[in-house]
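Below is one structure, written out as structure tokens, with a few remarks after it.
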Amino acid sequence: MKRVVITGLGAVTPLGNGVKTNWRNLIQGKSGIVSLKGFPEYEQIPSKVAGVIPRGKEKEEWNVLDYVDQGKLREVATFTQLALTSAAEALKDARWIDIDEQEKLATGVCFGTGIGNLDDALNENGVLNKAGIRKVSPRVISKILINMPAGYISQRYGFTALNHTTTTACAAGCHAIGDAFNFIKLGHADVIIAGGSESCINPLTVAGFSKARSLSTKFNDNPKAASRPFDANRDGFVIGEGSAALVLEELEHAKNRNAHIYAEIVGYGLASDSYHITAPNPNGDAAYYAMKRSLKQAGLSASQLDYINAHATSTKLGDVAESIAITRLLCDVNRNPEAFPVSSSKGSIGHLLGAAGAIESVYTVLTVQKGVLPPTLNFEYSDIPQQFQCDYVPNVAKESRINVALSNSFGFGGTNASLCFKKFLQ
């Protein structure tokens with residue numbers, strides 16, 4: 001069976017534009033979460049914090065005109081613009097841009113998103129109601145379709161092996177990478193750029209999640225403290241925006257062109273809660289089986305596992321269920337959960353929804369490569385029962401030799417996924 005490696009990375013998040021910027025800020029314990037106070041459209045909404053991408057012309061800020069021509073801005077929704085941004089960095093990093101037609105024929109795209117961009121749909125609906133159909137943009141449908149990130153990336157670079165989109169809520173980015181992994185193993189492509197993108201910080205989304213009691217409201221006066229996975233004072237997630245991309249490549253193909261290899265992707269596990277549309281099963285069954293199946297495909301045991309990048313969104317129910325699942329996985333092989341490192345980068349960037357699994361995969365790959373555990377910000381103490389607690393890497397990054405790591409993503413609708421990354425060895 002073919003082996004698959006990671007040869008390129010790209011990211012734009014609330015921590016900044018670019019993988020190097022993201023990793024440095026993550027490891028230094030910085031936060032990209034800011035206040036929404038002062039914006040009248042959010043005045044009546046209980047949650048007033050969000051993980052917002054820094055925009056501007058400075059080196060580490062995101063300037064859309066570096067990635068999309070001015071004349072095309074009205075045609076391309078923000079979540080697609082972000083996908084083009086992360087894809088551009090990942091492909092450049094992988095040295096996979098100036099390629100011939102045969103290579104394009106063997107290259108595909110897998111991208112995920114949860115909501116995409118509601119702004120354009122809402123705006124055009126307003127235009128229809130106020131000015132009638134003559135004023136409605138003929139481009140509105142092509143702007144809001146969820147598969148546009150994959151479509152635009154494919155078109156820009158001429159990749160024709162496959163063009164695939166996952167729309168599985170907060171697991172979409174993870175599923176896109178996992179599907180790409182399997183596509184390469186099955187011989188459908190030699191190279192696939194995979195990831196996720198999301199840009200849905202708008203009043204309707206924030207109001208909807210607020211009404212569902214999903215978002216943090218306690219820390220409106222202290223935004224950087226609002227996202228606090230596993231901490232006793234957590235009260236909901238912080239919505240965020242961004243995109244991340246990884247270049248997945250068949251091993252022999254990568255070796256033949258002397259590509260730089262970050263890590264190997266070796267497992268992809270899936271499971272369904274079949275319990276509740278928005279809440280996880282408290283016993284963590286689906287999370288457990290997703291991780292177990294990921295390790296099984298990798299041909300590994302939980303005894304060989306060194307780190308888990310948790311989905312942990314800073315919600316009361318979700319963080320406990322995931323901790324229970326992780327503890328069960330470790331106890332299967334008689335390991336001590338309290339000594340096992342588990343961290344969540346959502347304390348730093350918030351919850352990027354459909355892009356979460358993609359950026360967290362980037363962080364996990366770098367954890368494996370560099371041997372540094374990202375911290376869980378704002379962790380003081382946990383209310384999770386003692387027997388289910390892990391080492392949550394509180395507030396400060398630490399060095400550790402990492403050979404095998406999991407990255408978890410779970411979503412509304414009961415969807416669960418886990419990716420297994422391994423230090424690359426010949």
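Note: Cβ is positioned from N, Cα and C throughout, glycine not excepted.
Counted within 10 Å of its Cβ, the other Cβ atoms near Cys170 (active site, for beta-ketoacyl synthase activity) come to 29, all protein chains included. For Cys170 (among others), the entry in Swiss-Prot reads active site, for beta-ketoacyl synthase activity.
The feature active site, for beta-ketoacyl synthase activity is assigned by Swiss-Prot to His311 (among others), with sequence analysis given as support. In sequence order, Cys170, Ala287, Gly318, Glu322, Ser344, Ala356, Glu360, Asn408, Ser409, Phe410 are the residues of the chain that are 6 or more apart from His311 (active site, for beta-ketoacyl synthase activity) and have a CB within less than 8 Å of its CB.
The active site, for beta-ketoacyl synthase activity annotation in Swiss-Prot covers His351 (among others) and rests on sequence analysis. Under the three-state DSSP scheme, His351 (active site, for beta-ketoacyl synthase activity) falls in the strand class. With a 10 A radius on its CB, His351 (active site, for beta-ketoacyl synthase activity) counts 28 other CB atoms from all the protein chains.
Sequence annotations record features per position, and here Swiss-Prot assigns domain 'Ketosynthase family 3 (KS3)' to 19-423.
Taken from Swiss-Prot, the feature transit peptide applies to 1-18, supported by sequence analysis.
The DSSP breakdown of the transit peptide (1-18) into helical (H, G, I), extended (E, B) and coil residues amounts to 0 helix, 12 strand, 6 coil. Here the domain 'Ketosynthase family 3 (KS3)' (19-423) returns a mean pLDDT of 97 for the predicted model.
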